Amino acid sequence: MLKGLLANLPMLTCLVMSAIMALELRCGRLRELPSLLRFMLVSAMLYAGHYVFFLRAEAWLPLTDTLYVFANLAVYPLYLIYVTRLSVAHRSHGIYWLLAPAAVGALAVGVLYAFMPKAETHVFFDTYLYGNSLDGLQGAALWQACVHVACKVVFALIVVYVLVTAMRRLREYDKALEQYFADTEHMAMRSVRNVLVLVVVISCVSLVFNVVGRHSFADSTAALAIPSLLFTGLLFAFGYVGLHRTYSIVDLEKLRGEMRAESSNGASTPGGDAICQRILALFDEQKVFLRPNLKIDDVAAMAYTNRTYVYQVVNKQMGMSFAELVNRRRIAYAMQLMKDTPGISMTEVATASGYNSLSTFYRNYRLYDKDADHAAAL
């Protein structure tokens with residue numbers, strides 16, 4: 001009974017998260033939920049294959065193993081599609097070609113099972129699926145084993161590609177956010193970064209268990225508990241993070257569209273130097289950078305101009321992102337505060353410098369403490 005529960009736990013987790021996502025989808029709360037829901041449903045298919053495998057239900061194995069091969073090669077491309085919907089404005093349909101190996105692999109496995117006699121299928125199960133050996137296999141059974149090995153190799157290549165691509169896209173998205181906002185944490189961007197951390201962990205674990213093979217866990221309940229509990233926790237965390245993410249490229253593109261509309265309305269505006277002087281006056285005299293969650297909208301309103309011109313002055317004329325401008329000033333202020341007030345706690349320094357959390361302060365402190373003198377001169 002315990003073995004059945006352990007084998008079933010990841011699949012049940014995926015199904016529960018899928019049900020929650022389906023309810024959220026009806027409310028229309030998160031635009032990217034369809035992509036995340038597809039990922040969870042295919043993951044449930046994957047772990048259903050695991051469940052049948054570990055219970056040695058050979059009557060169902062030809063069907064579930066075929067579905068398992070498809071799901072195993074499809075889950076990471078589906079994850080990348082989800083990340084792309086979160087972080088890329090202009091998406092190419094070419095990304096769906098990443099699902100081609102899953103379709104081809106499942107088709108090959110399904111066709112071979114259809115042409116394998118029952119006795120040959122049983123030999124394949126005992127020798128390869130549960131024994132991880134090719135000894136004595138011949139004909140369709142040998143071809144079936146070769147297809148499974150090829151799918152493992154393709155799986156490893158897909159995981160590496162998805163991991164590298166997802167990291168690059170989220171990094172580019174973070175840089176784009178910093179052009180408009182000083183505190184990205186305020187927009188729940190921490191959850192997007194947490195998704196990336198989960199992908200790194202899941203990718204490493206998947207590669208390890210892909211090399212070790214499912215057969216290593218088939219005969220031991222204790223050994224089965226390790227991947228079962230690990231993947232259950234990771235899948236739950238993945239779904240939780242996805243459900244609580246509130247900002248995406250759609251919101252950023254909406255902001256950019258509003259700024260383009262502002263710049264094309266024909267209203268007169270001072271020159272770039274004049275706007276730059278206004279911004280510097282706000283930072284030097286009013287110290288607006290100390291305001292938590294400062295946005296480019298706030299500076300534009302105080303400088304009596306629009307967001308487009310502030311963006312152009314900061315990113316092009318000053319040569320840095322809005323987040324960098326604000327955080328350089330904050331760290332310079334914090335370092336001066338520590339010099340002027342011996343014994344002040346770091347929490348007080350972080351709060352006085354405009355940060356919502358100590359962790360955000362430390363992250364920016366590590367980035368800009370060496371440039372504090374330069375920041376003060378900006």
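Any Cβ shown, glycine's included, is placed from N, Cα and C.
From a predicted model like this one, the values you see are computed outputs, not experimental measurements.
Residues 33, 36-37, 40-41, 43-44, 47-48, 50-51, 54-55, 221, 224-225, 228-229, 231-232, 235-236, 239, 242-243 of the same chain lie 6+ residues outside the transmembrane segment (6-23) yet bring a C-beta within less than 8 angstroms of a C-beta in it. If you look up TrEMBL, you'll see 6-23 (among others) marked as transmembrane segment.
The transmembrane segment feature in TrEMBL is assigned to 35-54 (among others). Distant neighbours of the transmembrane segment (35-54): 3-4, 6-8, 10-11, 14-15, 17-18, 21-22, 25, 60-61, 64-65, 67-68, 70-72, 74-75, 78-79, 81-82, 85, 129, 214, 217-218, 224, 231, 235, 239, 242; these residues of the same chain sit at least 6 beyond its ends, with a Cβ under 8 Å from one of its Cβ atoms.
Look at TrEMBL and you will find 66-83 (among others) tagged as transmembrane segment. Long-range neighbours of the transmembrane segment (66-83) within the same chain, counting only residues 6 or more positions beyond its ends whose Cβ lies under 8 Å from a Cβ of the stretch, are 32, 35-36, 38-39, 42-43, 45-46, 48-50, 53, 95-96, 98-99, 101-103, 105-106, 109-110, 113, 148, 151, 154-155, 158-159, 162, 165-166, 169-170, 195, 199, 203, 242.
Sequence-distant contacts of the transmembrane segment (95-116) (same chain, six or more residues past either end, CB-CB distance under 8 Å): 62, 65-67, 69-74, 77-78, 80-81, 84, 124, 140-141, 143-144, 147-148, 150-151, 154, 158, 161-162. Marked as transmembrane segment by TrEMBL: 95-116 (among others).
What TrEMBL records for 141-164 (among others) is transmembrane segment.
The transmembrane segment feature in TrEMBL is assigned to 195-212 (among others).
Summarising the annotation, TrEMBL assigns transmembrane segment to 224-243 (among others).
The average pLDDT for the domain 'HTH araC/xylS-type' (273-366) in the predicted structure is 88. Residues annotated as domain 'HTH araC/xylS-type' in TrEMBL: 273-366.
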Practice problem: Run through the domain 'HTH araC/xylS-type' (273-366) and tell me, per DSSP, how many residues are helix, strand and coil. | Solution: 68 helix, 1 strand, 25 coil
